[in-house]
Amino acid sequence: MCGADIVNAAGLSDIAQRFDEASGYDTAARIQKRCAMELADRIRRIFCGKSPKRILEFGCGTGFLTAELVRLFPHAEIVATDIAPGMIRRAQSRLHVPNVRFEVMDAQRPKPDGRFDLICSSLCLQWFTDRALGLARLASQLSAAGRLMVTTLARGSFDEWRKACDTERVPCGFPTYPEPDALASDWPVNGHGKWDVVDLRDTPADGMTFLRELRDIGATTPALHSRSAGIALRRVIRRFDSTMSGVTYKIAFGDFERHIPKGVFVTGTDTGVGKTLTSACLVRAWHANYWKPLQTGLAEEDGDAPTVRSLARLSDNRMSPSAYALQAPLSPLAAAEMERITIDPARFSLPSCSDTTPLVVEGAGGLLVPVTDDWMLIDLIALYGMPVVLVARSGLGTINHTLLSIEALRARAIPIAGVVLNGAPNPGNRAMIERFGHVRILAEIPLLPSLTAEVIDERAQFMPPPDSIFGPDATLSTSNSEIA
Ligand SMILES: Nc1ncnc2c1ncn2[C@@H]1O[C@H](COP(=O)(O)OP(=O)(O)OP(=O)(O)O)[C@@H](O)[C@H]1O
Ligand SMILES: C[C@H](N)[C@H](N)CCCCCC(=O)O
Ligand SMILES: [Mg+2]
């Protein structure tokens, strides 16, 4: 049950309130139970004997799937969430096990909570108002090869009811559920997903029972029970009862696996801090490809890609065009608004890269730079999951900026490869950042007399070897305690 929309006096969204009041859920939810069991069996087969360490379930309802997860993975840490507090209370009353933590959460805005090896949900996704964005946010919390496994309603669900409504020329009141192709296009860009649709038949006693049971599970939509629909509804029920023998649920089973490409995301404590310079050095040192997904300020400059191409002597086939190339020297959101463009953050597919050719991605400005009304640059970094190279000035003021940036990255469990200090060497600041940031200083770039390809050739020799970032003994900083 998900989907923050209109919020009532109790602070519950409209959808949350309906599920909060769905008192008869368990008895009416025959299909929900069958879906949860089938999804659990698919999860069992995918993990075949191995147990995910951390599991996030969203839209847990009264805990059908949660109970199966506990049975399958008794030693996993399970975080079971739902947008409706009433559902959480019922699930908690059903499941008293130490390895399950129940939380009220809107799955469309999942709160950062580390990495999960499995994120799963049964019959909740259909309540998302923006499925692609919601899935991208959830997939950002998957571990390196983590799985996102869900069920949702697909086109053709309740067609028997729709036909009765069409015959009686009455609006059917159900949303138009997506075709499998539409579902497929909503998979996040940080991995590979597939869907398959299974028909589940349900045989409620009659049309009135069908509607009442939908209400009992909180799954109805306002149009079905508005006053004015009363008379017309009785005609539809008569039509349904006289022509139909049951209801089909087209259940789409989704299975998505995260893939973290071999590369780094170069971000900084600020704009103008040396991200492009560092990117050019890394590209040169690693023979890497380069991408600048979000470029602004083209009214005043050529942009970072041409700069990296020239400084790192990069051929065109080693670069990809920016997803958005904007004129104003502003944040991507502000620059896009000036051009009446809406940035779609869930569709930034990474350019191809390979194990032999890593990818260097450069951000725009610092971490909390707005890209859309509810998507920051740091969310893009979390989505890709690549280790971060944080570029910071070397001089006074950098300790605060750098530790704040590290704190923001840690809060989202984004791995940090290390910090590049740019400017006149400052051993004191370096020591403070290492000591309080628990990060490696990957390189120090002094003030350079000029920026040429020859200077970059020379500086590239001081960059860390790729194996120290991507190899089996890579030391990425993932927590304040130590360099993992
Ligand atoms: N160590 C250095 N020595 C000399 N010039 C430098 C040095 N570092 C950066 N610069 C210059 O400072 C300016 C900003 O550097 P750069 O473009 O790399 O910053 P950035 O973080 O990529 O900025 P943006 O946020 O716009 O992408 C550039 O003109 C660059 O040539
Ligand atoms: C224009 C500039 N060079 C970058 N491309 C964009 C920097 C955005 C910074 C937003 C901010 O933190 O105030
Ligand atoms: Mg730059």
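Every residue, even glycine, has its Cβ placed from backbone N, Cα and C.
Annotations in TrEMBL come from automatic prediction, not curation.
What you see is a predicted model, and the numbers here were worked out from it, not measured in a lab.
What TrEMBL lists as active site is Lys292. In the three-state DSSP reading, Lys292 (active site) counts as coil. Close to Lys292 (active site) in the fold, though at least 6 residues off in sequence, lie Gly303, Asp304, Ala305, Val308, Ser322, Val361, Glu362, Ala364, each with a CB less than 8 Å from its CB.
A sphere of 10 angstroms centred on the C-beta of Gly363 (ATP binding site) encloses 25 other C-beta atoms. Gly363 (ATP binding site) falls within neither a helix nor a strand when secondary structure is assigned with DSSP, and so counts as coil. Sequence annotations record features per position, and here TrEMBL assigns ATP binding site to Gly272, Val273, Gly274, Lys275, Thr276, Leu277, Asp304, Glu362, Gly363, Ala364, Gly365, Pro446, Leu447, Leu448.
Around the Cβ of Asp304 (ATP binding site), a 10 Å sphere holds 22 further Cβ atoms from the protein chains shown. Residues or ranges marked as Mg(2+) binding site in TrEMBL: Thr276, Asp304, Glu362.
Cβ neighbour count for Thr296 (substrate binding site): 27 (other Cβ atoms within 10 Å of its Cβ, all protein chains included). If you look up TrEMBL, you'll see Thr296 marked as substrate binding site.
Under the heading domain 'Methyltransferase', TrEMBL lists 55-142. Residues of the domain 'Methyltransferase' (55-142) grouped by DSSP class, helix first, strand second and coil last, total 31 helix, 22 strand, 35 coil.
Shown are the binding-site residues Gly272, Gly274, Gly365; of these, the residue with the fewest other Cβ atoms within 10 Å is Gly272. Proximity to ligand 3 (Cβ under 6 Å from any of its atoms) holds for these binding-site residues out of Thr276, Thr296, Asp304, Leu447: Thr276, Asp304. With a CB cut-off of under 6 A applied against ligand 1, the recorded positions Gly272, Gly274, Lys292, Gly365, Leu447 are reduced to Gly272, Gly274, Gly365, Leu447.
In sequence order, Asp304, Thr307, Val308, Glu362 are the residues near Thr276 (ATP binding site), counting only same-chain partners six or more apart with C-beta under 8 A. Listed in sequence order, Gly423, Ala424 are the same-chain residues at least 6 apart in sequence whose CB falls under 8 Å from the CB of Leu447 (ATP binding site). Checking the binding-site residues Thr296, Glu362, Gly365, Leu447 for a CB within less than 6 Å of any atom of ligand 2 leaves Thr296, Gly365, listed in sequence order.
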